[in-house]
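Annotated features, as they stand in TrEMBL:
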TRANSMEM  6-24  transmembrane segment
REGION    34-61  region 'Disordered'
COMPBIAS  34-53  compositional bias 'Low complexity'
DOMAIN    74-224  domain 'Flavodoxin-like'
BINDING   80-85, 131-134, 173-182, D208  FMN binding site
BINDING   R298, T593, S664, R665, K675, V676, Y677, V678, Q679, D712  NADP(+) binding site
Amino acid sequence: MASVSTSDLVLVSLGLVIAALWFLRDSLPFFKSSSPSGKPALNGKAPNGTAKGATGGGNPRDFVAKMKDTKKRLVIFYGSQTGTAEEYAIRLAKEAKARFGLSSLVCDPEEYDFDNLDQTPEDCAAIFVVATYGEGEPTDNAVTLMENLEDESFEFSGGEHKLENLRYVVFGLGNRTYEHYNEIARKVDAALEKAGATRIGQRGEGDDDKSMEEDYLEWKDGMWEDFARVMNVEEGAGSDTADFVVTELDKEFAQDKVYLGELSARALTRTKGIHDAKNPYPAPIKEARELFAVGGDRNCIHVEFDIEGSGLTYQHGDHVGVWPTNPDVEVDRLLCVLGLGAPDRRNAVIGIESLDPTLAKVPFPVPTTYQTVLRHYIDISATAGRQSLSALAKHAPTPEAAERLQQLSSDKTLYAEVVGEGSLKLGEVLQLVSSPIPPDFSAAPTTENVTPWSIPFDLIVSLIPRLQPRYYSISSSPKLHPGAIHITAVVLKYQASKSHHPERDPKWVFGVGTNYILNLKLAHNGETSPLMAEMGVEEIVESVSLPPRYAIEGPRSAYFHEKVYRVPIHVRRSTFRLPTNPKTPVIMIGPGTGVAPFRGFVQERVALAKRAIEKNGPDALVDWGNIWLFYGCRSSKGDFLYADEWPYYADQLKGKFLMHTAFSRETPRKPDGGKVYVQDLIWQQKDLLTKAILEQKAYIYICGDAKGMAHDVEEKLMQMLGEGKGGSAEVEGAAELKLLKERSRLLLDVWS
């Protein structure tokens, strides 16, 4: 028998002691857990339902703990796809502070858990500002929030799907031209009410088709009255305090650390990383060409972005976000209005700090310059909002200017007539009310012809929202163009409804994103075209509209390298997809630039057809479903998009691709002499299409104008389907159309 060493005895004894301590751990005070049962917390909650971090333990997803720690009485959740809902959420937070002195926690719902929504303190309230996206869907960042609210099996911390102590407010953002108008706001309201929560005031619904701003203004005053009563707070307890502090930095500040339009820290330091909405990719332009007939009064630009080596990927039907800048003339105008027109002032380096980061984060990277903020970071090209005008009146250069601005902000009818119908931007409004005679907006804004105001720059940052990317349907397929993204964009320009000047026609209005693209197309091809010069208009002819000039070279010429222009872009995913089985028929309706995604769809099928034929021979497409495209434009010679490509695609798809065209300004016309549109083409093919939909389970896609075309197409579809089901459009047709949408066999990508 081997002898036992002293070290062996020590190890055995230590093992016995550890085992004893383990079995007695619940009765020993120094082993007690912070949770009553001594068990670890699961899924963010302790066994008693208390959220982790509720006492400041540091769970970053616990909004209740954060409210308590920072003494907030309001939590505001925003469901936003483009930034507008977030903007309104921040406005509500600011107004709660100004009216009642109440601080708010403004939250992206994607960053928080909702299992402790029932623990919102009784003296607090929750506000939900939610947009409806696509076909009655929540925005990407509100998907989980909606699932938690609508799923009655989802348990809050009390172990039930009940919110009986919660008081809430709802404001929705929608567009009445869409079928599912403000559906998400209505669903949020219904789900909260069903769970026992109490709504404060009426549910607000903003209509982007008319005036989101006016709908919001009409709703909020009544809501705040009810809010004061329910929450037992008095108006006037707040104060008009700044959100930010703007500081001019030393002239010797390191220039390589100053943001001059870069959209991310990686862009500033030129380091590699994933490219997304927070770090767009500066994509080189491979090709840019005009699609409309030369010499016309309209432009439609085809652009191809090179994404080789970028890490960006896309599928047919996705969208690409293009990050534009503001045009030079509007940057110069607002700089002059703010008294910052001189070169040393516009290029002064500034730092910006938020006085309450939970309420208002600095919306763009800093340090930066005054000029950079106006050119790259905030949306100075939008029509001026009525509410923002009242905040600026106290900074007017004269009592007369202050009075005129107050009138515009308080008189809804006057505002609509002057600012709305005149399509006036903030800089133009301030120039107008401070000028003794109506200004000539076509003249170059300078420090000599623009009256300066004493507006603090922090107020500009607070009032004007962030400049957002412009989204375009991708008009290519990665199967045919794996290293490129194509877009198809009609350049937006129109005359305002009313002129601010008694002796001039209404001014021309230019879309920010598409005119930025037009500038790039001209520069890429070395074309010369009259543009507004850097400091205004070079040679104005009364009847001619000159597109504005943009600083397309980008910050530090980052968007112009080796004679190639670059554009900051990112990809946004979509559910606008072809059926996976090519035997399924496809019906596509897309007049004008609504044809853009369908070019990608057809290319997708062409690529698949090539592979099928290579593998299975010339008869590989025999059992494929038909692919119909209904397209319309003004004329076959002037604006027929990609006219030279469709015959090639038809040849590659061996008769499966069937294109029907309507040219509204050409013959033939309808028997009553009316113009022929895509909905008329559909009706002409109603027997084949009805059979494809009802018997062959065809998929239907509509892309383009929501207000007119999409509505009219759906009306025709209801008539066809009603007849096909042996009934009426109003009953059987409507029911079938609803079923198609529910089963995702009718998909829309429309805009107003």
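Any Cβ shown, glycine's included, is placed from N, Cα and C.
Just so you know, TrEMBL annotations are computer predictions that nobody has curated.
With a cut-off of 8 Å between CB atoms and residues at least 6 apart in sequence, the same chain places S664, R665, R669 near K675 (NADP(+) binding site), listed in sequence order. Computed over the domain 'Flavodoxin-like' (74-224), the whole-number mean pLDDT of the model equals 93. Cα-Cα distance from Y677 (NADP(+) binding site) to G134 (FMN binding site): 24 Å (rounded to the nearest whole number). Listed binding-site residues: Y181, Y677. The one with the lowest count of other Cβ atoms within 10 Å of its Cβ is Y181.
Residue pair A131 (FMN binding site) / Q679 (NADP(+) binding site) shows a Cα separation of 29 Å. Packing around Q679 (NADP(+) binding site) is summarised by its Cβ count: 23 other Cβ atoms lie within 10 angstroms of its Cβ, all protein chains included. Taking only the Cα positions, the spacing between Y178 (FMN binding site) and Q679 (NADP(+) binding site) is 18 angstrom. Among the record's NADP(+) binders, R298, T593, S664, R665, K675, V676, Y677, V678, Q679, D712, no two C-alpha atoms are more than 25 Å apart, and one pair sits at exactly that spread. Residue pair G134 (FMN binding site) / Q679 (NADP(+) binding site) shows a Cα separation of 22 Å. Residue pair N175 (FMN binding site) / R298 (NADP(+) binding site) shows a Cα separation of 27 Å. Taking the binding-site residues S80, N175, S664 in turn, the residue surrounded by the fewest other Cβ atoms inside 10 Å of its Cβ turns out to be S664. Cα separation, S80 (FMN binding site) to Q679 (NADP(+) binding site), rounded: 33 Å.
The most densely surrounded of the binding-site residues G83, A131, G134, Y178, R298, judged by C-beta neighbours within 10 angstroms, is A131. Of the recorded residues, Q679 (NADP(+) binding site) and Y181 (FMN binding site) place their C-alpha atoms 23 Å from one another. Recorded residues R298 (NADP(+) binding site) and Y181 (FMN binding site) have their alpha carbons 32 Å apart, per Cα-Cα distance.
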